[in-house]
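Participant: Take a look at this one; I'll ask things after.
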């Protein structure tokens, strides 16, 4: 499932993030690249222990915890702390696949990367190029969203970032381990949850809606790992 989630961050939160990132000390993006992706990666990134990265990461995680669409689609179990990158001056990231396992720095915690996420922090008209290109079942999907919007997609997907030829592209990127590691099962659960919420908004709870809700939770009970 490739899903675009609007307004994860408010305009005020985006502006706060951008102002802090403009004064940040950027490093070579290969500090977190795996062996394969390091050959394709050419961007700037905040070090994982950067106070700015930690502060902004907490803002992102708080916003996600309050976002019903994200929670329904991702069913998060463990979230890798958000990272932040910058593309400018022709920098890009060639086709690659994300590492299957990430260890949270300074801890023994390991996160299986079921879902990849990119949260855009620059408006589309602030830079040229910089599209996130994701290879999925239906071919290549080119994604370039408004600041504050986020895309999530299976971490098994090949993906790339096209060269930024003008301006600066700021974003947060991170991964999560879902309670349901199958993308197909997550998609079914998400579609069912969205349909139930839509029905509930149109009519009061009926026996049928209650029954469908029970089916959803029983499927989640069968498939979830906690």
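Including glycine, each Cβ sits where the backbone N, Cα and C put it.
Quick paste from Swiss-Prot:
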- 78-178: domain 'Fe2OG dioxygenase' (DOMAIN)
- 96, 98, 159: Fe cation binding site (BINDING)
- 169: 2-oxoglutarate binding site (BINDING)
Participant: Can you grab the distance from the residue listed as '2-oxoglutarate binding site' over to residue 98 (Fe cation binding site)? Cα atoms, rounded to a whole Å.
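Facilitator: Per the Cα atoms, the residue listed as '2-oxoglutarate binding site' and residue 98 (Fe cation binding site) stand 20 Å apart.
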Participant: In the domain 'Fe2OG dioxygenase' (78-178), how many residues does DSSP assign to helix, to strand and to coil?
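Facilitator: Taking the domain 'Fe2OG dioxygenase' (78-178) as a whole: 3 helix, 61 strand, 37 coil.
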Participant: Other than its own, how many Cβ atoms are within 10 Å of the Cβ belonging to residue 169 (2-oxoglutarate binding site)?
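Facilitator: Step by step: centre on the Cβ of residue 169 (2-oxoglutarate binding site), count other Cβ atoms within 10 Å, giving 25.
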Participant: State the mean pLDDT for the domain 'Fe2OG dioxygenase' (78-178).
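Facilitator: 97, rounded to a whole number.
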Participant: Can you name the residues of this chain that are 6 or more positions from residue 159 (Fe cation binding site) yet have a C-beta less than 8 Å from its C-beta?
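Facilitator: For residue 159 (Fe cation binding site), the qualifying residues are 95, 96, 97, 116, 132, 133, 134, 135, 153.
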